[in-house]
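Over in TrEMBL, the protein carries these features:
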- Cys68, Cys72, Cys75: [4Fe-4S] cluster binding site (BINDING)
- Phe74, Glu180: S-adenosyl-L-methionine binding site (BINDING)
- Ser292, Ser314: (3R)-3-methyl-D-ornithine binding site (BINDING)
- 54-287: domain 'Radical SAM core' (DOMAIN)
Amino acid sequence: MTETRVISDILQRAADGGRITPEEALLLYTEAPLHPLGEAADAVRRRRYPDNVVTYLIDRNINYTNVCVTACKFCAFYRAPKHAEGWTHDTEEILRRCAEAVELGATQVMLQGGHHPQYGVEYYENLFGAVKKAFPQLVIHSIGPSEILHMAKVSAVSIEDAIKRIKAAGLDSIAGAGAEMLPERPRKAIAPLKESGARWLEVMEVAHTLGVESTATMMMGTGETAAERIEHLRMIRDVQDRTKGFRSFIPWTYQPENNHLKGRTQATGLEYLRLVAVARLFFETVPHLQASWLTTGKDIGQLSLHMGVDDLGSIMLEENVISSAGARHRSNLHELIGLIRTADRIPAQRDTLYNRLAVHWTPQDDPKDERVVSHFSSIALPGGGAGRSLPLIDAK
Ligand code: SF4
């Protein structure tokens, strides 16, 4: 059989909902013609979501500290302990930011921060408990396996105990953060002090087993090979086969400013779109696929809606981590909905669990709140911008 025929057969099987192997995924990623690849991925999306709805979310990423002992080379957000630009926010400041988010219609907060040397399980219990008590309507989709491993170590408890305790305190869902690249070689090159990819997955598996679902992410563009990108997908799918706990997969591209890795994003728009399409075909067990307009830009974000993507992510009322490294694509509610509608899809606001809160069947149904805009603060806003109301300093 010719390679063209082989590729065509794999695409057809995947489009029909069949499973493809990692080797087949790599062949599609590197060799499949772009348009048939996108058509197959979109066929999977259409079968899953035949009403043509593409969702978005309103949430706020709130950072409780930028102090971190892990020093990932790609990170522009963290400051080492005792650094003059290090800051921590008290609970009052976090609640003030949550209140602003609720006022603007947010349904979710993503509480993220560095690995502060003193933050054990008790810190997160208090934080989540306070947020849940003040805003029971907000879903706490927060932290990631790295933070869980760190807090368990600081408090000298097991991963299982840490997760049970923060779940009881109010954590609803674990963010897919910190996955970066899961295979060992590229992960060690960019984050030598971070837990291994296997440990990242182990924490997710324990959480899923305890009834806490999560998302999964991937940061591409730091020098990993095509085979390593597909290996990252395989590692996630193997866990998903056992747990069914990953709701969505969210690939994004490395941002090269203000960090120790520097260089440039080694993932072009086309590489991103191809990866998105292959992910849709490979993850027949992961329900949702989210594009990262923040890192790739709105044009690529919109194009991804024709490569199998069914979710355009969040407005992000506040984001400081990825924008610190150079991602400066802003949006607002009206524009994000417009991107979905002009891609010939039906926009709908969702919550964390992908329940549809409002489907905007026609432009007359579109929400008109012009205050719902993404805001990014600078990397070293004195005190992390404590006490400042939205808008924070916006990246220009
Ligand atoms: S990515 Fe997270 S763990 Fe790594 S240095 Fe930045 S804040 Fe710390």
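Keep in mind that glycine also has a Cβ here, set from the backbone N, Cα and C atoms.
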Notebook entry, point to check: Using DSSP, would you call Cys72 ([4Fe-4S] cluster binding site) helix, strand or coil?
Noted result: coil
Next item on the list: For ligand 1, pick out the binding-site residues Cys72, Phe74, Glu180, Ser292 that have a CB under 6 angstroms away from one of its atoms.
Entry: Cys72
Next item on the list: Restricting to the domain 'Radical SAM core' (54-287), report the mean pLDDT as a whole number.
Entry: 96
Item checked: Shortest C-alpha distance to Ser292 ((3R)-3-methyl-D-ornithine binding site) - which of the binding-site residues Phe74, Cys75, Glu180 -> Glu180
Item checked: Length of the line joining the Cα atoms of Ser314 ((3R)-3-methyl-D-ornithine binding site) and Cys75 ([4Fe-4S] cluster binding site), in Å -> 21
Check: Which residues, in sequence order, are found in the same chain with Cβ within 8 Å of the centroid defined by the Cβ atoms of Cys68, Cys72, Cys75 at the [4Fe-4S] cluster site, excluding those residues themselves?
Finding: Thr70, Ala71, Phe74, Phe77, Tyr78, Gly114, Ala191
Next item on the list: Report, in whole Å, the straight Cα-to-Cα distance of Cys68 ([4Fe-4S] cluster binding site) from Glu180 (S-adenosyl-L-methionine binding site).
Entry: 17
Next item on the list: For Cys75 ([4Fe-4S] cluster binding site), write down the residues of its own chain that are at least 6 apart in sequence and whose Cβ falls under 8 Å from its Cβ; none is a fine answer.
Entry: Cys68, Asn259, Val321, Ala325
